[in-house]
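The region 'Disordered' annotation in Swiss-Prot covers 184-203. Annotated domain 'CoA carboxyltransferase N-terminal' per Swiss-Prot: 221-490, in sequence order. Sequence annotations record features per position, and here Swiss-Prot assigns Zn(2+) binding site to C225, C228, C244, C247. Per Swiss-Prot, the feature zinc finger maps to 225-247; the stated evidence is sequence analysis.
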Amino acid sequence: MERWGFNSMLFKKEFERRCGLNKSMGSLGPIENTSEDPNLKVKNIHSCSNVDYLFGVKDIWNFISDDTFLVSDRNGDSYSIYFDIENQIFEVDNDHSFLSELESSFSSYRNSSYLNNGFRGEDPYYNSYMSYMYDTQYSWNNHINSCIDNYLQSQICIDTSIISGGESYGDSYIYRAICSGESLNSSENEGSSRRTRTKGSDLTIRESSNDLEVTQKYKHLWVQCENCYGLNYKKFLKSKMNICEQCGYHLKMSSSDRIELLIDPGTWDPMDEDMVSLDPIEFHSEEEPYKDRIDSYQRKTGLTEAVQTGIGQLNGIPVAIGVMDFQFMGGSMGSVVGEKITRLIEHAANQNLPLIIVCASGGARMQEGSLSLMQMAKISSALYDYQLNKKLFYVSILTSPTTGGVTASFGMLGDIIIAEPNAYIAFAGKRVIEQTLNKTVPEGSQAAEYLFQKGLFDLIVPRNLLKSVLSELFKLHAFFPLNQKSSKIK
């Protein structure tokens with residue numbers, strides 16, 4: 001039977017110290033000093049990183065079972081806790097005799113000659129114990145549900161607590177190690193250590209070689225949110241449509257995932273998959289030739305270019321759809337991207353199909369010079385014939401980011417323009433504007449919510465509703481599912 005201890009982190013806003021028992025170290029002491037209100041998280045005491053020894057009582061765990069853990073709330077109520085994973089048992093005991101014996105041990109320590117020699121008021125160990133026994137606000141019982149919810153994170157030893165005003169998710173040592181592969185090696189010992197300073201107090205986090213192996217082993221399982229810097233389990237993220245489960249932020253999606261989201265299974269028929277760029281102006285940079293860069297992105301993404309085009313069905317309604325992929329050279333629009341989108345529009349016009357283009361681009365591709373710029377006019381010309389002459393229906397979907405030549409051409413030509421929540425939409429980026437005009441661009445002035453208020457587009461639709469909204473729009477414009485259309489003709 002394997003039992004795990006839970007490291008209690010019980011806080012209040014004006015709290016000056018948070019404390020707990022650190023089982024794998026065999027010592028008692030404050031976990032970290034802070035005056036803020038972090039979230040309660042769970043930690044695997046047997047294998048996670050630990051702070052330095054902070055208490056001098058080496059035999060304290062003689063009084064505590066190897067499989068139990070002690071916490072105390074502000075009211076003086078103490079609890080002995082253990083969690084049995086195999087049998088799915090979570091127990092909280094209030095054993096007064098056990099607690100009395102433990103407190104008696106500390107009492108003897110406090111009354112020892114060491115404390116009586118004038119160190120009692122200045123002894124950090126004594127203050128740590130007093131803070132631990134009496135200075136926590138919330139009962140452990142109020143947070144058991146939070147512990148269970150965060151059990152998954154505890155299995156790979158990620159400390160996800162947020163220290164407001166100090167470290168954020170992005171600044172967290174362990175978060176950086178998971179997300180960026182920050183090296184933890186040190187030549188001093190078998191493990192490694194890093195000392196930080198939070199609110200005037202030193203904190204040393206120790207990493208063993210095993211911890212480094214765990215960090216590297218599980219790094220590929222997580223995706224970090226761009227907004228809150230929280231970690232999302234990659235296996236579940238796709239089923240959640242790449243929406244952060246912690247803050248609801250819409251993360252970037254690949255073109256293949258978007259096609260899977262919008263198009264009915266088994267109905268996708270791609271077009272012009274074999275079309276590739278030939279470096280028309282022989283663009284060469286000091287870093288990497290253009291052809292080599294194209295090849296590397298093709299290997300990385302599995303795509304031939306920054307857009308996928310094809311025919312499929314959306315809730316049974318035949319549609320022509322083009323989906324740009326920001327992972328391929330920032331979704332930049334070169335001659336191949338422009339040609340594929342133009343051919344898609346012409347095919348939709350010939351087949352009388354509604355058209356969807358999902359935009360995710362940094363603009364025209366500079367490696368192709370004026371050839372990339374002329375794609376704006378070519379696509380706009382094809383859309384003119386599709387919309388005005390054929391009287392067909394085009395929906396433009398703007399995702400983050402949509403900038404440059406795409407914004408200045410087909411991105412803003414939709415009969416209905418839809419944006420995703422929090423999407424970054426602009427012609428020139430913030431940095432370009434500030435460097436050109438020498439003016440500061442207000443924060444959020446290029447976000448979808450702000451631009452919607454200015455009338456730049458028609459709808460802001462979250463991903464989980466997008467397919468149904470598109471289906472209703474098509475029906476409103478007399479595009480029906482194939483089975484309904486045939487029955488109406490009869």
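Cβ atoms are placed via backbone N, Cα and C, with glycine included.
Projection of Swiss-Prot feature records onto the structure.
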residue	record	Cβ within 10 Å
C225	Zn(2+) binding site	20
C228	Zn(2+) binding site	17
C244	Zn(2+) binding site	21
C247	Zn(2+) binding site	13
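Listed in sequence order, the residues E226, N227, Y229, G230, N232, E245, Q246, G248, Y249 complete the 8 Å Cβ shell around the Zn(2+) site centroid, once C225, C228, C244, C247 themselves are left out.
Shown for the zinc finger (225-247): DSSP residue counts in helix, strand and coil, namely 4 helix, 4 strand, 15 coil. On the 0 to 100 pLDDT scale, the zinc finger (225-247) averages 90 in this prediction.
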